[in-house]
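S.K.: Submitted below is the structure of interest, expressed as structure tokens.
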Amino acid sequence: MEKRLGVKPSPASWVLPGYCWQTSVKLPRSLYLLYSFFCFSVLWLSTDADESRCQQGKTLYGAGLRTEGENHLRLLAGSLPFHACRAACCRDSACHALWWLEGMCFQADCSKPQSCQPFRTDSSNSMLIIFQKSQTTDDLGLLPEDDEPHLLRLGWGRTSWRRQSLLGAPLTLSVPSSHHQSLLRDRQKRDLSVVPTHGAMQHSKVNHSEEAGALSPTSAEVRKTITVAGSFTSNHTTQTPEWPKNVSIHPEPSEHSSPVSGTPQVKSTEHSPTDAPLPVAPSYSYATPTPQASSQSTSAPHPVVKELVVSAGKSVQITLPKNEVQLNAFVLPEAEPGETYTYDWQLITHPTDYSGEVERKHSQSLQLSKLTPGLYEFKVTVDGQNAHGEGYVNVTVKPEPRKNRPPVAVVSPQFQEISLPTTSTIIDGSQSTDDDKIVQYHWEELKGPLREEKISEDTAILKLSKLVPGNYTFSLTVVDSDGATNSTTASLTVNKAVDYPPVANAGPNQVITLPQNSITLFGNQSTDDHGITSYEWSLSPSSKGKVVEMQGVRTPALQLSAMQEGDYTYQLTVTDTAGQQATAQVTVIVQPENNKPPQADAGPDKELTLPVDSTTLDGSKSTDDQRVVSYLWEQSRGPDGVQLENANSSVATVTGLQVGTYVFTLTVKDERNLQSQSSVNVIVKEEINKPPVAKIAGNVVVTLPTSTAELDGSRSSDDKGIVSYLWTRDETSPAAGEVLNHSDHHPVLFLSNLVEGTYTFHLKVTDAKGESDTDRTTVEVKPDPRKSNLVEIILDVNVSQLTERLKGMLIRQIGVLLGVLDSDIIVQKIQPYTEQSTKMLFFVQNDPPHQLFKGHEVAAMLKSELQKQKADFLIFRALEISTVTCQLNCSDHGHCDSFTKRCVCDPFWMENFIKVQLRDGDSNCEWSVLYVIIASFVIVVALGILSWTTICCCKRQKGKPKRKSRYKILDATDQESLELKPTSRAGSKQKGPTLSSSLMHSESELDSDDAIFTWPDREKGKLLYGQNGSVPNGQTPLKSRSAREEIL
């Protein structure tokens, strides 16, 4: 149960004040001050205000907290910042965990075993902090850090949290499956049945701190769940010595128990001002130790609740149209003979709009049917005789996969016919449809007249040109995203040029009224496909004998005059280039005269103020059915001495006016001498002029990127009216900024392209008498608060080609790269960068609470993601990505140029071009020029030494001489001569055979077969000329050789 309250003091601060003040009244005055000092000291020590004992333990992001029982979860009243919420929890001894959920602060009392359980939430703004206040995690009733199977049951080990882009790395708690199984086996082997001894259950004296709620269970109590059965009345409160005085025990209602009996539960008697609901979350139940009902029950042994290991199986995943599944619960240990377990299935998590049917909710197997797509989480509770356990399982229902339907090729028009000189047309195939999308169009000309090349295109709309007469048949084949195809045909007929006869048009019938007796007829609306060569007007035979004068009878316009009352019919004949003719007739009706008197109009009354003493009288708006032939202006009333100029015209001028009222009468006449009169009043007043008053609405404050402003001076006033406005800019104002539509001469001044700074403008108003007045106002332009977080991207596209639809696609692609929603990317400005590129400024924020992401992090992440993706991931190639304001630190050896967005290094420093080219591409000033010169010199010297060494080794290798081999291939003749030679004497060496190779020529080949040179001659160094030349190639003592060696 939750409570909403302020910062809660410690229980000791409630008990000690009453004790101190009641006791101090009984003391003598001499000891009153000493006793009061002692009480204040004890009170200060009991407030737990020392936050040094408050050590923060684990912090879980995206997690919430649920508690068992009542008064364990409290919501602090009011809106507190995070640091105030944490400080309040540190000061409160009953606060062991802090749950911060979207600006709301919840404190949890986890002093009882297993009273606080974390769970995963879908909110990214949820954070759970566990404090260590001189107690271990087990003592506080929270999960120990090694109890990771419970975290797996909450879904933190199987589901990766949503990636928090730009704000931090994702938090994922995972446990290997082998470790999970070992923990389950260890828990199964535990002996959970422990019966406390009589001495341990004896009542002990409770001091003030114990009465304040400082009853912390031991770690053994956390691991062993003990329930105490008892019978209590629903309206009776039993005070026990084991619990504080402000805690009462009431029976907990159960659906299987009567209102007068049940299991007692502890409920605090403290009252909170208001109650506030908590976020809805799944309910996890754990058995907790309960206090003894009475001191007499401590001597009897308590039943022990065994913990059951319950498994609902692995998560189930089905795909529609299959919408049924059966969940089975498995329990260890199995029920004893004669004992059965009760099962209770509960739906914890489900989709927003879901439906389905559940059967056998209280059996071991749960049957689900008619499920809708989404994620369902079920909890099964198993109870037996003094045994309890829970299990969880997820069921995921996926929507039915889409079945592809082949596309439908549609051409429009399917049949088309044109005639020369029209030689081009189009056939539209873009109306072809598919259940997903069409990825390819292919047009093929199946039949047509003989031409140079047939038509074959891959576009949705086929554009045809330079057609020749004949019949064409075109085939359209469409391919959808799944590779299915469909085809259709379109027919086109091109006819030869046809010369159609002309179409004569003499115009509509005309009606005139005497005395008008002339009119012009027009036949230029006549048409022909190749042009008209002649026009001829004539009087119709039905109008022969009527008097009329005709001019231009062989032109498109016929002029008629001297017509009399009656009907005239005229005939127009037109001839084209082929000599074909067409005729048309038109009738002119001449009506008799019907004259009406004219209508005089002298115009509106006028009011003048001296020194203006003249005005004009306008009667030009007078009308007549025929025409007005005369005007006459006369003074009917008023002071004498005025002069009328042009009194016989429609517009007259009156001069010499004095103060007073004048009445002037206008008389008009028509041709039949019919007349009409009208009067106009002219009032002349004395001059009383007041200077004008200039007034501007007020100062204007503009915050960039809004760069327009409006200054309203229309509240300026004058008794006669303001004739001119003039806005001027003060000399101290920034020169940037433009005036729109010459509004500096109008009451309202419109400004654009303002820059940061303060503008001062002066308004000068002038009346008809030349008197003027001025007013002053300021326009303060504040800098853009998002300027440091703005990111600019240069796109390779003309700004006129970037449509709103393409802009939306680009924003969605950038959102995918950054891992944010489309609505989180706010485009501030799109403007041309060059003739073929466009610059787009945007920033990224999360929704809510609209926290801006850092611009340099957004730019860096966008660059990194684009390097990982393909070059054409974005619909337009990104030429450059950077922040609007240059935020490079230049390695603290230079400054950043705001125009080029690159570092300008200090003297003796230069850019690390290797890092720029191979890594992040950001400009820097990391290298010292001196070190670069030294390193370059060392590299050049090392390369020179290496090159010299390589050349020397190569020359030495080439200088070693190579001994040429001297061999001769034995033939049959040589072998026979070797066999016929006599054997040498003992001790003498065998004579060498005759050699005749290209390298060693013997003179024996030229003389005779008896001349034989022996090897001893060679051993003595007497080589014959002609064998190896005159230059010796080296001599070495010869060893005794065999016959074959001597031959070789």
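Using the three backbone atoms N, Cα and C, a Cβ is placed for every residue, glycine included.
Swiss-Prot feature annotations, pasted as is:
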{"type": "COMPBIAS", "residues": "247-261", "note": "compositional bias 'Low complexity'"}
{"type": "COMPBIAS", "residues": "287-300", "note": "compositional bias 'Low complexity'"}
{"type": "DOMAIN", "residues": "408-497", "note": "domain 'PKD 2'"}
{"type": "DOMAIN", "residues": "693-784", "note": "domain 'PKD 5'"}
{"type": "REGION", "residues": "198-218", "note": "region 'Disordered'"}
{"type": "REGION", "residues": "231-300", "note": "region 'Disordered'"}
{"type": "REGION", "residues": "593-623", "note": "region 'Disordered'"}
{"type": "REGION", "residues": "980-1007", "note": "region 'Disordered'"}
{"type": "REGION", "residues": "1024-1048", "note": "region 'Disordered'"}
{"type": "TRANSMEM", "residues": "30-50", "note": "transmembrane segment"}
{"type": "TRANSMEM", "residues": "929-949", "note": "transmembrane segment"}
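Are these features on the surface or tucked inside, and what are their neighbours?
M.R.: Per-residue pLDDT, averaged across the domain 'PKD 2' (408-497), gives 92.
Helix, strand and coil counts under DSSP for the domain 'PKD 5' (693-784) come to 3 helix, 47 strand, 42 coil.
Residues 513-515, 631, 633, 650-659, 664-672, 674-688, 720 of the same chain, all 6+ positions outside the region 'Disordered' (593-623), place their C-beta atoms under 8 angstroms from a C-beta of that stretch.
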S.K.: In the region 'Disordered' (593-623), how many residues does DSSP call helix, how many strand, and how many coil?
M.R.: 0 helix, 10 strand, 21 coil
